[in-house]
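*Asks:* Dumping what Swiss-Prot says about this protein:
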type	residues	note
BINDING	11-17, 39-41, Arg299, 325-327, 407-409	GTP binding site
BINDING	Asp12, Glu13, Gly14, Lys15, Asn37, Ala38, Gly39, His40, Thr129, Arg143, Asn218, Thr233, Arg297	IMP binding site
BINDING	Asp12, Gly39	Mg(2+) binding site
ACT_SITE	Asp12	active site, proton acceptor
ACT_SITE	His40	active site, proton donor
BINDING	Val293, Thr294, Thr295, Gly296, Arg297, Lys298, Arg299	substrate binding site
Amino acid sequence: MVTLVLGSQFGDEGKGKITDLLSQNADLCCRSAGGHNAGHTIIHDNVTYDFHILPSGLISPKCVNLIGSGTVVHVPSFFKELEALEGKGLKDAHKRVFISDRAHVCFDLHSVVDGLEEATLGGRKVGTTGKGIGPCYSDKAARRGVRIGQVLDEGVVETKLRSLEAGYRRRFGELNYDLEAEINRFKEYRTLLKPFVVDQLTLLRKHKDASILIEGANALMLDIDHGTYPYVTSSCTGLGGTIQGLCLNPTQIKSIIGVVKAYSTRVGSGPFPTEQINEIGEKLQVTGREFGVTTGRKRRCGWLDLVMCRYSTAINHYTALNLTKLDILDEFDEIKVAVAYRLEGKEIEFFPSDADVLEKVEVVYDTLPGWKTNTMGITKWEDLPPNAQKYIEYIEKDIGVPIKWVGTGPARSHMIERAQ
């Protein structure tokens, strides 16, 4: 039985909490794509954990965790994150996490190149996290990357890294990068990594009758194929990416949970039709504490975009939704939701593939009354204010997928689970 948790918007929806809840009953928790550019925050027993490349199923003491073949792994960050978790009491974390030997290595060199590539874009910057994810996936696609399994073979990293560095030097000139230092670090990692590296299919076969939880990173609107290209990440962040990155049998998927924030946020550049560059956006940013887990950057904020959510649903085929951060809307007199786009005065029935076109759309809003009541920590549906219930039901009806969970605060316990 496989359960997927996927982001429905631009990321930062709060996927970590529902993953944390579901992982308590999971035997195996997996990351399928992306790298340490992702960021999940989980508050468990009053301890705050920040996850980037590691699956957040590590909080559950019985859960085995896999970083899958579709990911890119920055090895220093892997060990640093593991050390931080063990420092917060997860002493056996190193015994319950494995990396597919087919995952690719994200080098410090890639981070340097990431910054150089952004600089060449001038006013059309993508707004990457600067972690080297794009250049790493580029090297993978060009068949010149290094797989995690190859780190264990003496001399492979040195040969390939020298070749990569020479290629980038020809392109950019001198690099602010210490090639020899990185080569020497990987001589140490060859021994350190060995206990963590596995054949993914062998591990999955051992868990073929187990409860498997797939933790999506980033979100559908950042998908390399289906997102707001080119303002996207460099991996497949939707349903297709999870199947590809983990070699899943699609017939084993029992549920696909889409995580939707009760309003919209975005980090970095790119079109954002419902963005509020005004007091409303500022209020959402401050009240919601909208800062990136990975970069610390302020998130751009706006109203919930149901056009985008319907598009996301059509691609990811959600069977249930988790609406998060409802409590952030507690102090609004009225709340708007985007229900349609207009282009040149006419309502359009498609989601634009061209980012420049998406920048030009006129948003059609519906306005719903606020509830002006504190909802933080509410755990029962009947305890929600009537207008909050109506807001949730409106979203549910528009998207056409049941909202099974409603987040009402940062703690694990701040969640309503509705009977279906």
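Even glycines carry a Cβ here, placed using N, Cα and C.
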*Asks:* Rank the binding-site residues Gly11, Gly14, Gly39, Gly296 by the number of other Cβ atoms within 10 Å of each Cβ and report the first-ranked residue.
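*Replies:* Buried the deepest by this measure is Gly11.
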*Asks:* Near Gly39 (IMP binding site), which of the binding-site residues Gly11, Lys298, Leu326 can be found within 10 Å, Cα to Cα?
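*Replies:* Near Gly39 (IMP binding site), where near means Cα within 10 Å, the binding-site residues are Gly11.
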*Asks:* Taking only C-alpha atoms and a 10 A limit, tell me which of Asn37, Thr129, Gly296, Arg297, Lys298, Arg299 are near Gly14 (GTP binding site). These are the binding-site residues.
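*Replies:* Among Asn37, Thr129, Gly296, Arg297, Lys298, Arg299, not one has a Cα sitting within 10 Å of that of Gly14 (GTP binding site).
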*Asks:* Based on Cα distances to Asn218 (IMP binding site), point out the closest of the recorded positions Lys17, His40, Thr41, Arg299, Leu326.
*Replies:* His40
*Asks:* How many other Cβ atoms sit within 10 Å of the Cβ of Asn218 (IMP binding site)?
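*Replies:* Other Cβ atoms found within 10 Å: 29.
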*Asks:* Same-chain residues six or more away whose CB lies under 8 A from the CB of Lys17 (GTP binding site)?
*Replies:* Ile42, Thr324, Gly407, Pro410, Arg412, Met415
*Asks:* Please tell me which one of the binding-site residues listed here (Asp12, Thr129, Gly296, Arg297, Lys298) sits closest to Thr41 (GTP binding site), measuring Cα to Cα?
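*Replies:* Closest by Cα: Asp12.
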*Asks:* Around the Cβ of Asp12 (IMP binding site), how many other Cβ atoms lie within 10 Å? Please give the count over every shown protein chain.
*Replies:* 28
